[in-house]
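Undergrad: Sharing the record's features from TrEMBL:
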- A:8-421: domain 'PTS EIIC type-3' (DOMAIN)
- A:32-53: transmembrane segment (TRANSMEM)
- A:73-96: transmembrane segment (TRANSMEM)
- A:103-122: transmembrane segment (TRANSMEM)
- A:142-166: transmembrane segment (TRANSMEM)
- A:187-207: transmembrane segment (TRANSMEM)
- A:227-244: transmembrane segment (TRANSMEM)
- A:251-267: transmembrane segment (TRANSMEM)
- A:294-313: transmembrane segment (TRANSMEM)
- A:350-370: transmembrane segment (TRANSMEM)
- A:404-422: transmembrane segment (TRANSMEM)
Amino acid sequence: MSRLNDILENKVMPAAGRVAGQRHLQALRDGIILTMPLIIVGSLFLILGFLPIPGYEDFMARTFGDAWLTKLMYPVGATFDIMALIAAFGIAYRLAEKYNVDALTAGAISVAAFLLATPYQVPFTPEGAKEAIMVGGAIPSALMGSKGLFVAMLIAMISTEIYRFIIQKNIIIRMPDGVPPAVAKSFVALIPGFVVIALIWVLRLIVENTSFESLHNIVGEVLGKPLGVLGGSLIGTLVAVFLIQLLWSCGLHGASIVGGVMGPIWLSSMDENRLAFQADQAVPNIFTQQFIDIFIYVGGSGATLALVLAMILRARSQQMKQLGRLAIGPGFFNINEPITFGMPIVMNPLMIVPFVLTPLVMVVTTYIGMTTGLVAKPAGIAVPWTMPPIIGGYLATGGKLSGAVLQLVNFALAFGIYYPFFRMWDKQKYSEEQGAIEITTAKKLQA
Amino acid sequence: MNILLCCAAGMSTSLLVTKMEAAAAEQGIKCKIWAEGAGAINNHIDAADVLLLGPQVRYLLPQMKKLGEERNIPVDSINPVHYGMCNGAEVLKTALNLAATRV
């Protein structure tokens with residue numbers, strides 16, 4: 001057992017530290033977080049548009065007119081559909097911050113570069129025509145949303161790297177003496193800004209001469225598709241969840257470390273589902289951010305709410321009883337640090353076994369439930385990860401009871417896996433406590 | 001005394017904040033304690049006298065220490081056991097001891 005700890009401490013932890021400390025991954029994660037509040041607000045409107053109440057649609061149409069749904073979806077378009085635009089700014093901003101260069105300017109340059117990579121054309125089908133024609137003079141909203149996410153990520157990184165390189169090498173326009181310093185400073189962004197814009201411009205000109213036609217198409221083929229396959233497959237998800245659990249077993253925030261890589265993938269599959277849900281079509285993807293947050297991590301990474309319940313119901317040792325009471329409140333909101341560090345699960349070989357096993361089993365059962373159609377797939381509604389269970393499952397599936405039932409089934413499964421391990425640990429703690437009491441009473445007797 | 005706590009999103013450490021505040025009030029120590037996510041530390045560190053990291057983000061320690069050194073703000077990570085049991089008094093003690101090392 002101590003060999004496991006040895007591997008965790010000497011192999012996994014340093015490697016995880018290096019990955020987690022990597023500034024581009026951090027910037028990616030922190031930058032994309034900027035889109036979350038918007039998407040959650042948009043989700044609220046999305047839910048209102050598709051409340052699963054009989055007669056709701058007729059009622060809304062009678063009250064607000066036939067176009068009620070279109071109007072209700074305005075905020076959805078302004079939040080979900082600018083995901084990539086916001087990410088282009090956010091990622092560049094966070095990366096520039098880490099290099100200690102002006103973040104606001106870096107963000108602005110990145111947004112311009114992202115738009116430069118995007119052809120201002122939208123397809124339009126005129127009345128009576130069979131094929132769509134491309135109409136100029138419009139920014140395509142589809143590419144501002146999840147479809148443009150990978151391009152936005154790449155451009156934010158490239159443009160900020162160029163920006164900070166030029167600033168740090170001190171390549172700036174020198175003003176003659178006598179020019180006020182503030183004026184000189186306003187020119188600082190000119191050279192890096194020009195280089196970034198010129199580079200993306202040249203890239204776009206080259207790509208326009210190939211069969212790809214736009215940078216978005218290339219990135220979609222080269223990056224988007226393989227990553228989509230990785231994130232959309234059962235194996236890929238199992239590996240991701242396994243890594244998250246392994247990192248948490250060392251006491252490191254696995255979700256936040258692995259999320260840097262998987263986040264954008266799960267986010268774009270979430271949005272694909274949202275678009276289908278909004279258009280009243282079957283949702284295509286199973287593995288989205290909500291699959292992980294809502295259906296697997298019931299009570300926090302490792303699905304520990306079941307373990308907390310076991311503590312409250314069956315603990316014999318004082319320590320476990322106390323911990324259960326402390327952890328149940330945060331647990332309902334999927335926060336489980338009191339459990340991981342307090343029980344502890346971290347570096348505790350006995351508890352690491354169910355901690356890693358439970359979510360893996362749940363990924364498989366949830367996957368089976370969703371592919372066979374027993375349970376609804378996540379509808380692309382961005383339910384925040386702190387949403388309590390049952391409500392969370394109901395909302396994430398767009399108001400399907402099967403979503404809530406699935407959470408209950410997963411909870412029961414987790415209880416079953418954790419329980420025997422919990423009993424062993426509790427017994428050990430209990431006898432330690434009894435032993436301590438016997439020693440103190442023995443001492444009192446002697447005295 | 002301004003004590004800044006940091007974890008991934010600032011959520012689980014905010015739990016500890018309330019416990020530390022209670023401990024401080026009990027001991028009659030006046031201090032401001034607040035929790036932020038790792039991404040927001042840049043904007044908050046200047047207001048702090050001491051920065052403590054949750055054990056789950058201790059991989060950020062080298063980076064945060066550098067940030068602290070530039071500003072003469074001591075930085076350390078919280079003992080995992082104290083963190084898990086939400087032991088406000090112990091973590092407060094850590095913060096105060098750490099702040100005392102400030103030159």
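All residue numbers here begin at 1 and follow the chain in the order shown.
Just so it is clear, glycine is given a Cβ too, placed from its N, Cα and C backbone atoms.
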Undergrad: Does the transmembrane segment (A:142-166) reach the transmembrane segment (A:251-267), going by 3 or more CB pairs under 8 Å (6 or more apart in sequence)?
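TA: Output yes: the transmembrane segment (A:142-166) sits against the transmembrane segment (A:251-267).
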Undergrad: Looking at the transmembrane segment (A:350-370) and the transmembrane segment (A:73-96), are there 3+ C-beta pairs under 8 A, with each pair at least 6 apart in sequence?
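TA: Answer no: the transmembrane segment (A:350-370) and the transmembrane segment (A:73-96) share fewer than 3 Cβ pairs below 8 Å.
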Undergrad: How about long-range neighbours of the transmembrane segment (A:73-96): same chain, 6 or more residues beyond its ends, C-beta under 8 Å?
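TA: For the transmembrane segment (A:73-96), the nonlocal Cβ contacts are 23-24, 26-28, 30-35, 38-39, 41-42, 45-46, 49, 102-111, 113-114, 141-149, 151-153, 155-157, 159-161, 163-164, 267, 271, 274, 278.
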